[in-house]
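Each remark here refers to the structure printed beneath this line.
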Amino acid sequence: MLSFLSSNLSSTRQSMAQVLNFALVLSTAFMLWKGLSVFTASSSPIVVVLSGSMEPAFQRGDLLFLWNRSPRAELGEIVVYNVRGKDIPIVHRVVRTFPQIEGKAKKVKEVNEASSVPPNMLLTKGDNNIADDTELYAKNQDFLHREEDIVGSVRGYMPMVGYVTIMLSEHPWLKTVLLGIMGLMVILQREQ
């Protein structure tokens, strides 16, 4: 009877150790993500290119690293933005900037040369698209506001690394297969 309790207690300890290790891995990943978010000043410091609208600069599945500490976006800079009301990041290039004066976007000709107003309003376009992004913006929105809509500016990338997340979102059955394989690995590792 004592040997039964001893083996049962050791398997319980082993199970608890595995649960704690798993919790440690999850909390470490979460802390790294939040730390990176604070460091880059971006709610999403790493994003995946979901379409071919920025080809040839970025391909579908490229992993982008963002930085959001610049007070303004420059002409030609590649930015990631979210459309108001939707949570899908869009990666496009800034093709026009407009200074904001008295709460309204003014055309560059309307601002005198001596004005030091930073450009806050942006117009974007995908490199592979014919037209600008005004059709993608929220209803009654003609420009992106730098502080409100921009998630970050692209500072680096890794080609094709993000394709795994695209595959998992496009093929839900693949998630089930991967979870099954991971569960099987845990069971097989326990038996050793």
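The backbone N, Cα and C atoms fix where each Cβ goes, and this holds for glycine too.
Here Swiss-Prot flags SER53 (among others) as active site, charge relay system, drawing on similarity to another entry. In sequence order, ILE90, VAL91, HIS92, GLY126, ASP127, ASN128, ASN129 are the residues near SER53 (active site, charge relay system), counting only same-chain partners six or more apart with C-beta under 8 A.
For HIS92 (active site, charge relay system), the Cβ neighbour count at a 10 Å cut-off comes to 23, with all displayed protein chains included. Under the heading active site, charge relay system, Swiss-Prot lists HIS92 (among others).
Per Swiss-Prot, active site, charge relay system is recorded for ASP133 (among others), and the stated evidence type is similarity to another entry. In the three-state DSSP scheme, ASP133 (active site, charge relay system) falls into the helix class.
Per Swiss-Prot, the feature region 'C-terminal short (CTS) helix' maps to 177-188. Sequence-remote contacts of a segment are chain residues at least 6 beyond its ends whose Cβ falls under 8 Å from one of its Cβ atoms, and for the region 'C-terminal short (CTS) helix' (177-188) they are 18, 168.
Per Swiss-Prot, the feature topological domain 'Cytoplasmic' maps to 1-18.
Taken from Swiss-Prot, the feature topological domain 'Lumenal' covers 40-192, and the record attributes it to sequence analysis.
Under the heading transmembrane segment, Swiss-Prot lists 19-39, citing sequence analysis as support. If you look at the transmembrane segment (19-39), the same-chain residues 6 or more away from its ends with a CB under 8 A from one of its CBs are 45-46.
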* Report the DSSP secondary-structure composition of the region 'C-terminal short (CTS) helix' (177-188) as helix, strand and coil residue counts. => 12 helix, 0 strand, 0 coil
* pLDDT averaged over the residues of the region 'C-terminal short (CTS) helix' (177-188) -> 82
* Asked: Far apart in sequence but close in space: which same-chain residues, 6 or more away, have a Cβ under 8 Å from ASP133 (active site, charge relay system)?
  -> ILE90, HIS92, LEU123, THR124, LYS125, GLY126
